[in-house]
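Novice: Okay, these came from TrEMBL:
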BINDING   S237, G238, G239, V240, D241, S242, T243  ATP binding site
DOMAIN    209-410  domain 'GMPS ATP-PPase'
Amino acid sequence: MEPQTQAKKSNLVLILDYGSQYTHLITRRIRSLSVFSLCINGTSSLDSIIELNPRVIILSGGPHSVHADGAPCFPSGFIEYVESQGIHVLGICYGLQLLVQKLGGVVKIGEKHEYGRMEIEVQKNTGLFGNKQVGDKQVVWMSHGDEAVKLPEGFEVVARSNQGAVAAIENRERRFYGLQYHPEVTHSIEGMETLRHFLFDICGVTAGWNMEDVLEEEIKVIKAMVGPEDHVICALSGGVDSTVAATVVHKAIGDRLHCVFVDNGLLRYKERERVMATFESDLHLPVTCVDATEEFLSKLKGVTEPEMKRKIIGKEFINIFDIFAHDLEKKVGKKPTYLVQGTLYPDVIESCPPPGSGRTHSHTIKSHHNVGGLPKDMKLKLIEPLKLLFKDEVRALGKIMNIPVAFLSRHPFPGPGLAVRIPGDVTAGNSLDILRQVDEIFIQSIKDAGIYDEIWQAFAVFLPVKTVGVQGDQRTHSHAVALRAVTSQDGMTADWYYFDFKFLDDVSRKICNSVRGVNRVLLDITSKPPSTIEWE
């Protein structure tokens, strides 16, 4: 599904990102209305915007002031382009101030900064608020220090905050609109209604983007890209992303796709058996399972530094992948040409330098999403069927391909596996076995309580800390473990999950009674930020 596919072209809503923490939310909200939206850097060239041929452009918020040196801005010629093409433009927060300043108005540092929940009042029931009455009030989420004090010619104020500041502006004739608040966040109670009214009633966009079309389009793209004699390889992690990506490619080219699943000795309890059963019985994917436990654990022995652990795992994975590729070459008589990766849209967004950082826009994927930098002589071209999709969309895509729902709803699992859940040496003592048992009890308890699907990710962490306890009338000196569970939309930010105390009490007892070597259970109650979801 290339961004400019013809079927979606005339209805594309393009977001120019100026660094707001909410930008990816705008993209998600619009897609939830069955309208295709893409997010690119706000300082992208005019050519790259023209190439995408959008119907609507949204200028996002951002942390900058339009007065600051080097403040990010749309490219020169942008205003002339959107007016000549009849494209509707909506500026949000910083985006509104950018429009005002560039079209001849005045933006000043506000006397009263407005942050958080605010009430606004509709001044005119036109355009943005054409479905409201004058005097109607609504609560919105403000986040700005600057404010528009003089509007460009032809613009009018259509809503103000209860402090009297400009909250919404428009020039209907020139198709320019602006909101000084964030309609995309849930704190703006009627924000989605405003976005829906803007897109469908003002811009005339039609809802019609769906996963069936995405699948059909992606299969066409893969068939056109991969030659009839070409072979494709894919490293399956047992996670949702790589599995859905492989299934899409398998639908397109059949058994010229060759998958490998590596047991690196860092998997969860019975992970290998469970995952291989799904690959073979349910999905009928061509998968080779490689047991490389000894290779990985021997190289990790004594290593305690987190980044070093990741590098060793990445390097060893490449060695095994390289052997797999060479064995395949002997078997089929030619080198594989392509590599499938389950890269998702948030990976692409997160990997782009922030606007105003002085660095150029790039689509470099984060290193831990890549297969660790494959050997240079492999020269594989990438197939990334999911690179424009969010996690929930990937699950929807998997569902229409009949991937079992229980598999699709699995929580994410990190590439380096349990190595990032055991601070210090992962091979010390029987820490891996203890962690597997604790994790299995925790996850099974969550499933039994019927709350697994409410949680983005849950797991146990083995702490290299011994504490004193009393078990069976005897003092013990055993290990402490931590439990972690978070809620999130896409892993970019996360909040800890608020368990029922009775659940925590039960699971703690179960762990201490069942797992030899554990006498203390802790709960991680930190959000992301400031912490990450994983511990290392």
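Each residue, glycine too, has its Cβ placed from N, Cα and C.
TrEMBL labels come from automatic prediction, so no person has curated them.
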Novice: Restricting to the chain of V240 (ATP binding site) and a gap of 6 or more, list residues whose Cβ falls under 8 Å of its Cβ, or answer none.
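Specialist: In sequence order, the residues whose Cβ lies under 8 Å from that of V240 (ATP binding site) (at least 6 apart) are K391, V394, R395, G398, F407, L408, R410, P412.
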Novice: Would you count the other CB atoms within 10 A of the CB of S237 (ATP binding site), including those on all shown protein chains?
Specialist: 18
Novice: Looking at the domain 'GMPS ATP-PPase' (209-410) alone, can you tell me the average pLDDT?
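Specialist: Result for the domain 'GMPS ATP-PPase' (209-410): average pLDDT 85.
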Novice: Looking at the binding-site residues S242, T243, which sits with the largest number of other Cβ atoms within 10 Å of its Cβ?
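Specialist: Most Cβ neighbours within 10 Å: T243.
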Novice: Hey, for the ATP site built from S237, G238, G239, V240, D241, S242, T243, who else sits with CB inside 8 A of the CB center?
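Specialist: So the additional residues around the site are L236, V244, A245, G342, F413.
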Novice: Here the binding-site residues are G238, G239; which one has the lowest number of other Cβ atoms no more than 10 Å from its Cβ?
Specialist: G239
Novice: Test of understanding: give the count of other CB atoms lying within 10 angstroms of the CB of D241 (ATP binding site).
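Specialist: Around the Cβ of D241 (ATP binding site), 22 other Cβ atoms lie within 10 Å.
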